[in-house]
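One structure below.
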Amino acid sequence: MSIKPQGRASTGSDASNPIKKKIDALVSSKLHNDQDFIKMMDYVAPMVGEIDIHTEHRLMEQLEDREVEANREYLEAFGKNFVALVRSLKAVCDDMADKIQSNKSRTQDLLTKTAALQDEKKTLERKQVVINEFLEKYSLTAEEEAALQGSAVDGTVDSKFFAALQHVKQIHEECKQLLRANGEHLAALEVLEEMARKLEQAYEVLYRSIQRECRLLNVDFLELRGVLVQSIAAMQDREVLFKYALEEYVTARRNHIVRAYIDALTRGGGRGSPKPIELLSHDPLRRALSKYCTYIGDMLAWIHQGMASERELLQTFLKLCRPEVLNEHSKAVLSNISEALCRPFKVRVEQALLTESNSVVLYRLSCLFAFYGETMAPSLSEDAALLQTINELKELTLNMFFSGLNSSVQRLLGRMGTPDYDLLPVQAVHQILLLLRDVLESHDGAVAAVADKKENFLKANIIFAAVLDPLNQAVQLSATQLSSPLDIAVYTLNCLSTINSVIILYQYTDTRLEMIKAQGALSEIVGMEASRISNAMALFDSFLSNPDSYRLNQCAKISSVRIRDSVQQRTVENLVAAYSVIYQKLVDPSNKFTSRKMFQQRRRQQNFGVYLLAYHLLQNDYIPPVTLAAILFQMAVFLGFVPPLGPWKTREMCLLPSRIIHHREWIRMLASVVMHGDDMHLYYNMISLLWKGRRLERRLGSWRFLLVLLVFAVATSGGIVALSVLADDVLHLHGLRLAHQCAIGFSGVLFALKVLHTTYFPYEDALLLGWMPIPSRYACWAELVLIQLLAPEASFVGHLSGILVGLLYTHGPLKYFVDLLESLMPLSFGLPGEVTSSRYGGFFRRTSTSARGGTFRNWGSGTTGFSSSGRPTYGWRTNGGRDYDVYTGGLSEEEQMRRAMDESLRSRTRANTPNAPPFPDNDDSYLWR
């Protein structure tokens, strides 16, 4: 069992031994049968003597020696044969050379001719290549020749024509360059002439194609073919043919636009919409202005729209042309097209004007012609027939207008009679001014469209000369029928005031307004001299010193106490109102009363509110510097110590948005804030500023509080202007006329300070009117609404602007701006601090609701102090229009009478309760903010 594995291992080892394999192969080979082996052994056997370890080496050396010897013998034998072969080969070559030379000498002429022919062949081949290239470059293919001839059916061209035409142009240009470079070149000259002839033929074909295409342009809603646009662009190189092509286009479009215009007049649009223009001219619903005005306006609108369509079509027609070509010919083409509309339009306008006699309508028509003339002028040439026609019609309507205006004015002036006993303007004056107003409204509507300001100014002056000059003469003539010089002055003044109120709202009236204002000073009227005024003032002083001596005894006999008190009250009201009117006239610089000191004493006697304010300031132990300075400055303005802002400047300095927007009178935005309507207006506002300033200036610091006041003053005025523009131009609330309302007073700033005060000193609630609890943050809004309900003459927009400015500050934007100003202008003065006492909060302190009696009287802007009965009241910021019950740039007579009544009642109340304090303590007794 153990021997068998060993036998298998030995067999495997023998199979893998290569030497054994070789030995086995030699042993197994049959060398005695191998002839090559036997020959080799016979050759090697003599060389082997003794067999030892060096036998193999000696055998290898002997074999190598024998190989070398055999090679040497082979070389010697080959050398002998090579020499013999070379000599024989040389002999053959020499023989061949001799034969070639002899043959060459015999065929020399033939070889020369053959070489010359080969050179000529190569030259001809090169010429052939050059000629073929020349012909290919400077000639047209058969397809291009056919494309240049146009369509055999209708003579029109296609896109292949333009490619061939471009190739002809290219050949023509290259021939020119070739002639410039090489001088006389017959082939180039011939090709140039041929291409020029083909170009002329091609342009003739192209022109006939454009003619045929343009005849198809006399339809609506057409779409220009691309071939036509390419054709007119290719034609621009031939100026004469290009102009002829444009004339063909103009002819086609003229025929179309005239036919379309007649259809619009008589037939209207398709399917009955829009209706014919001539049919609409008889529509009763369109006769509010004038049927002919509407009729002519519709025709002008159609012409304008039609020319706009023609301009767009022409731009499409010439869009592939060079820009300078389009600019050069577009206006002329449109002018020629529009010329076709001149005659039918002019005939119809002249027929319409024959029966029109209303001067306002005629003026509106002239403005209409001016508007459309200016609108269409940029797209037409200066000598366009349509513009000339419109200008002629404008001149015609203007001439008819001025003729009709003069006739209307003279007819109305003929009805002017003797002035009535009330010395108000007669009816004829109002009718003429109504006519002028209608004309000026038309004029203002046209000015926005007409850029020639000089023409507008001259036209306005002619209108004023035609209306106001005869009116002024008629007023002066009718005034002479009055007996009293004072009646004459009053009647003339009323008429001039009426004229001024009409023309002040329109443009280009400054010269006339100056003429009206320069009619004459009050001091120059007989009976109004300064000496007589002084005497009258002396008599008035004697009355004031002893008014009881002038009391009628019959008044005491009136049995009814109510009636007796009413008579006394109305007497005082009328007296104060009359004196206020006289005072305003005396301090007005235009009346030329130079002795102003004579009247300042009278002014001081009626400034009861100023006295109260001064007394109140003296009763306070400490007033922050900025607050005190602001109060004193506004008192100085009211008392006339600041001449540029004196009380006689109320109208010139009040916040009038229209003057700020259109005349850039920015000074009004600051001046109006520090001006007040009367002494109580000043008193109420300054008391409110005093209370708020004492708390806020301590909280903010004096320097920052000053910046806040300045920013609030500008921001509230800007807010009033912005809200007026928003109401008039955006919301179209023209009936409110906010842009033409004056406003003065510190109330807007006080409302902004009220919002700021509520932010710095928040409380849970307040009592409005002493019984209505309301959260402190809504107090401003509640007061805004309540003020407007109780005092409609107060400026709602001014108060609202103040609230919005306060909110802008408390919510960030304005506060950041004030922070920036404070950082740029660092300064510190006063005694900055912070008041944290809770006793200042709320509209009405709950612990003191029974401490005061009386009734709340007049609401306005900001906390302002107390009325005669001890209850606080509010100042106002006036914003009314120019009539008798609304304030405009100062107090009206009715307002002055009403406030005089309040003062007389307050005086009587003080007489009944002599121990009552004139005003509450500023810090402890405020019931209202």
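Cβ atoms are placed via backbone N, Cα and C, with glycine included.
TrEMBL annotations: computationally assigned, not manually curated.
Of the candidate ranges 860-894, 895-929, TrEMBL annotates residues 895-929 with the feature region 'Disordered'. The stretch that TrEMBL tags with coiled coil, taken from the ranges 182-209, 490-517, 798-825, is 182-209.
Mean pLDDT for the domain 'Conserved Oligomeric Golgi complex subunit 6 C-terminal' (187-519) in this predicted model: 80. Under 8 Å from some Cβ of the coiled coil (182-209) lie the Cβ atoms of residues 134, 138-140, 148-150, 155-157, 161, 164-165, 168-169, 171-172, 175-176, 227, 231, 234-235, 238, 241, 244-245, all in the same chain and six or more residues away from its ends.
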